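To keep things clear, I will list the structure first and then write my remarks on it.
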Amino acid sequence: MFIINLLLYIIPILLAVAFLTLVERKALGYMQFRKGPNIVGPYGLLQPIADAVKLFTKEPLRPLTSSISMFIIAPILALTLAFTIWTPLPMPHSLIDLNLGLLFILALSGLSVYSILWSGWASNTKYALMGALRAVAQTISYEVTLAIILLSIMLINGSFTLKNLIITQENMWLIMTTWPLTMMWYISTLAETNRAPFDLTEGESELVSGFNVEYAAGPFAMFFLAEYANIMAMNAMTTILFLGSSINHNFTHLNTLSFVIKTALLTFMFLWVRASYPRFRYDQLMYLLWKNFLPLTLAFCLWFISIPVALSCIPPQI
């Protein structure tokens, strides 16, 4: 039974990730006045399956100078963490109901840094290492703001449990009262997942492909799946934190449909941003965080600490 539950949990994520790549290519295509994939199957719908078959049937090559064990472990770790981050998310029921769900997700997103660092270091090439160092600095930096925003949400919510957030937002979505935090959270998730306009880790013009430049076939596909699973997980988190993932506790199917639609719209915005904005310069990326986001999030955090003290009330505040 446990194996069946695990498969029912993993397979939908894999299918969603596979077709997200197709939606991205189609969306970017139409935004650039071209068709996108349209040969494999009707309207190109079988393109993700063709890509998967191609990648997993190729021979996985590696540099002679690479560190074998770490080179293989890095993509497996990336994919495992990308799947594990989904377990505490209430959709509307979670696979594991954790009291410290918010902390668990923050810890896992911090662990994903190791897969990037190991892949860059184990490749033993300068471009991969430079890409990995960039990615690690960027990810660790933006986790600071994500942690402070989560602390502010926790102060409003009154606990670290994700299910409590649904109860907090029964009357009003948190985006209504904390819209500056929502904007900063969304931009930080773009940087955290290494997406455009913050995709400096891939920097094609100077780093070829970034930390995964030496990967091919199956291991490369694992990194690819992990990246898109993380994107969807982050958007699912945004939905739970700010967009009130539940409508009516009596209709769980309606709640799930609402959750999926909101997450899909947020994910489409990721693709829209990629099509619209040019890449940031690295110093601009760091200045945005340390000179703009950090002071603002700290100020908002102090504000949310002072409200219960000033009004002598206990959370949830909404």
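Using N, Cα and C of the backbone, Cβ positions are placed for all residues, glycine too.
Over in Swiss-Prot, the protein carries these features:
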TRANSMEM  2-22  transmembrane segment
TRANSMEM  68-88  transmembrane segment
TRANSMEM  100-120  transmembrane segment
TRANSMEM  136-156  transmembrane segment
TRANSMEM  172-192  transmembrane segment
TRANSMEM  223-243  transmembrane segment
TRANSMEM  253-273  transmembrane segment
TRANSMEM  294-314  transmembrane segment
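The list of residues near the transmembrane segment (2-22) in space but at least 6 beyond its ends in sequence, with Cβ under 8 angstroms from a Cβ of it, reads 37, 44-45, 47-49, 51-52, 83, 86-87, 95, 224-225, 228-229, 231-232, 267. If one looks beyond the transmembrane segment (68-88) by at least 6 residues along the same chain, the residues whose Cβ comes under 8 Å of a Cβ in the stretch are 9-10, 13, 62, 94-98, 101, 104-105, 108-109, 111-112, 114-116, 118-119, 121-123, 162, 214-215, 219-220, 222-223, 225-227, 229-230, 233, 236. Ranking 100-120, 172-192, 294-314 by CB pairs under 8 A with the transmembrane segment (136-156) puts 172-192 at the top. Per-stretch counts of Cβ pairs under 8 Å to the transmembrane segment (172-192) identify 223-243 as the leading one among 100-120, 223-243, 294-314. If you look at the transmembrane segment (294-314), the same-chain residues 6 or more away from its ends with a CB under 8 A from one of its CBs are 144-145, 148-149, 151-152, 155-156, 158, 178, 180-181, 184.
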